[in-house]
Amino acid sequence: MHTEQQERHALTQDEQWLDAYDDVHMHVFGKPLRVLDHGEGTHVWDVDGNEYLDFLAGIAVNALGYAHPAWVKAVADQAAKAAHVSNYFATVPQIELAERLIRLAGAPEGSHVYFGNSGAEANEAALKMAKLYGRLLQDRQADDRPYRILALTHGFHGRTMGALSATWKPVIREPFEPLVPNFEFVEANDAEAMADAFGDEAKGPVAAVIMELIQGEAGVRPLDADFVRTVRELCDTHEALLIVDEVQTGIGRTGAWFAFQREDLGGIVPNIVTFAKGVAGGFPMGGMISFGQELSDLFSPGRHGSTFAGNPMGAAAALATLDTIEREGLVSAAETRGAYLRQGIMALDNTLFRAVRGRGLLDAIELAHPCAHAAMAWALDHGLIVNACDPSTLRLAPPLVVSPQDIDDALIILGQMPSDLPDD
Ligand SMILES: *Cc1c(COP(=O)(O)O)cnc(C)c1O
């Protein structure tokens, strides 16, 4: 008893809580890095009082950082009014949010929004719409072969069955096969392979292509603008839908409201865009916009739904997030601060950093050798949160409110990172 007490005493609060976490949580996420307590702006504190500069933002979620006063007030005010009403009723924030997102996406008259609660749900809704569209194509073309949905190698769209069917990484997908049939993977950035996939006469029509314009989970890899335009043209020629998954890239993060609005990512117009992560600044929310009336009409009553869809707490949080992004000019700030960050990293002259890539504040450092996990752990021990998204890549996705001073502080830590960290 005595020794056990002593041992317990030797453990930090963080370690004690992590042991408790381990005892009761499914092990799907691996061991959490720290137990966090509270944050303010771009900084967050763990249960032992250690402070961190957060350049991950809850994986590109906390657009306004932690505890932004406008966000806190909006959520608190809505909580005091009505936290949930179900879809037998509507709320004003939900309606205002849908109007606003359609406007920010530049979607045409007749476009409609469906709200869900996560990125996977947003894509699930988009894929269900694509399936309804596939049936329409079959009818129109009097073709009873199964329609297909194309996705890209290295793409990530979520962990639910439909989204997982479009998610490339074999270790994530294969244990759950068979999944939804008639999904095919096409090599990212290979325009010829995409044309071949469309032209595969023996197979059925292509109902949709789903893709990210910057493959986030794959290591922040932007698609070639020419490839993106080719996919758009092929979709037009073959009457297929183009679903752009902006769960990670959307809502200002890349220096545009949506990445599809960037010329250097193709500058195309999608048929469906999905969003989630950053939209409500930390409140779980996601959704999709279908462009135009005809497509939107496919989701007739009963075709899809969710108890929490369009929840007023999420809608209020999202409106406060969008208001603040607009008021503080955070979309153009993402562009300039992202450029400042990338230039600063290259100027560090740390031999560990081979290259830097990204758009706006969705960036990655390519490491000279595969030590990303050790690099992440080293940065954390030195007060900076970054993320190892593959063995050779560190992802940087700070809150959109990140200041030049924060970037300078992060650069100091990154500059000191030893180049001989152990490989994963
Ligand atoms: C995170 C992510 C998803 C999944 O979102 P969840 O909220 O985790 O379900 C889907 N697509 C992309 C591009 C993402 O980055």
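Each Cβ is built from the backbone N, Cα and C atoms, and glycine gets one as well.
TrEMBL entries are annotated by machine, without manual review.
Take the pyridoxal 5'-phosphate site that TrEMBL assigns to Gly119, Ala120, Asp245, Glu246, Val247, Gln248, Thr307: the candidate from Phe89, Phe156, Phe283, Phe353 listed for it is Phe156. In the vicinity of ligand 1, defined as a Cβ distance under 6 Å, the following of the binding-site residues Ala120, Val247, Gln248, Ser306, Thr307 are placed: Ala120, Val247, Gln248. Around Gly119 (pyridoxal 5'-phosphate binding site), the C-beta neighbours below 8 angstroms that are at least 6 residues distant in the chain are His157, Gly158, Ala163, Asp245, Val247, Gln248, Thr274, Ala276, Lys277, Gly286.
When each of the binding-site residues Ala120, Val247 is scored by how many other Cβ atoms sit within 10 Å of its Cβ, Ala120 comes out lowest.
Cβ crowding, taken as the number of other Cβ atoms within 10 Å, peaks at Gln248 among the binding-site residues Gln248, Ser306, Thr307.
Cα separation, Thr307 (pyridoxal 5'-phosphate binding site) to Arg159 (N(2)-acetyl-L-ornithine binding site), rounded: 19 Å. When secondary structure is read from DSSP and collapsed to three states, Gly119 (pyridoxal 5'-phosphate binding site) falls in the helix class. Across the residues annotated as binding pyridoxal 5'-phosphate (Gly119, Ala120, Phe156, Asp245, Glu246, Val247, Gln248, Thr307), the widest Cα-Cα separation comes to 25 Å.
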